[in-house]
Amino acid sequence: MQYQVDTHTHTVASTHAYSTIHDYLAVAKQKGILLFATTDHGPAMADAPHFWHFVNLRVLPRMVDGVGILRGIEANIKNIDGEIDFFGDYLKQLDIVLAGFHEPVYPPSDKATHTEAMINTIKSGKVDIITHPGNPAYPIDIDAVARAAAEYGVALEINNSSFEVSRKGSEANCTAIAKAAKEFGTILVMGSDSHVAFSLGGFERALAIIDAAGYPKSQLLNRSPSVLLGFLAQRGHHTVADLQALFDEAV
């Protein structure tokens, strides 16, 4: 199966990444990616873009040469209460909201604290996808998180970058997450977590984990633009309606 959607990418606006939106569009055309989300790090990260970057994402075209662009953020989970570093009505302007633990913002603590923080983030209703929940630096109660995500309709990410250049040792946790997701009916999504355009749509390692766990690939959000856009619309992102209309016209 060709997976046509990538929900997790970073641009030069996060200065430890190396590609522009234009770069991603070119690679998307080459790889058959029909929809990707630009999700730079939230403002609490030291080298993250300014708050205005996210407010002004509305200037991005909806579609360029058949490739759709989702306006998003990878926010930072800030504390045990599940608060993130983006807020209020500005969240409603975004098409997609990712959030995860990042050491410069929320240093690792203990399993119980990580679990409570992640579940509170899930319950907040502000976040659509939890990024790299298999990070071994942040052990969690996987079953508890998977159950909460299933209950609140939040997706858990299997992060391809975690098996290549970041978060070494994530394989066992991610396999357990995929197995728990299968058991509890939790939505999974693969994210490239691309920091350079060449890795856009790179899901090979994540897909191997999902296969090994026996999670049904027919339930992955990456299957098509309509699947992801339907998920986002159901979660209250009315901003995606015009993008869905463009894909409908292209059929």
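Heads up, the Cβ atoms here are built off N, Cα and C, so glycines get one too.
Listed by Swiss-Prot as binding Zn(2+) 3 are GLU74, HIS132; the candidate from HIS16, HIS22, HIS102, HIS237 that the record includes in that site is HIS102. Among ASP128, ASP141, ASP143, ASP193, only ASP193 appears in Swiss-Prot as part of the Zn(2+) 1 site alongside HIS8, HIS10, GLU74.
Just one of HIS195, HIS238 is listed by Swiss-Prot for the same Zn(2+) 2 site as HIS16, HIS41, and that one is HIS195. Checking each of the binding-site residues (HIS10, GLU74, HIS102, HIS132) against HIS195 (Zn(2+) 2 binding site), the C-alpha distance stays within 10 Å for HIS10.
Proximity of ASP193 (Zn(2+) 1 binding site) to non-local residues of its own chain (separation of 6 or more, Cβ distance below 8 Å) is seen for HIS8, THR9, HIS10, THR131, HIS132, ASN159, ASN160, SER161, SER162, SER166, given in sequence order.
In this structure, HIS195 is the one among the binding-site residues HIS8, HIS102, HIS195 with the smallest number of other Cβ atoms inside 10 Å of its Cβ. Taking CA atoms as the reference points, HIS102 (Zn(2+) 3 binding site) and HIS41 (Zn(2+) 2 binding site) are 10 Å apart. Cα separation, HIS41 (Zn(2+) 2 binding site) to GLU74 (Zn(2+) 1 binding site), rounded: 5 Å.
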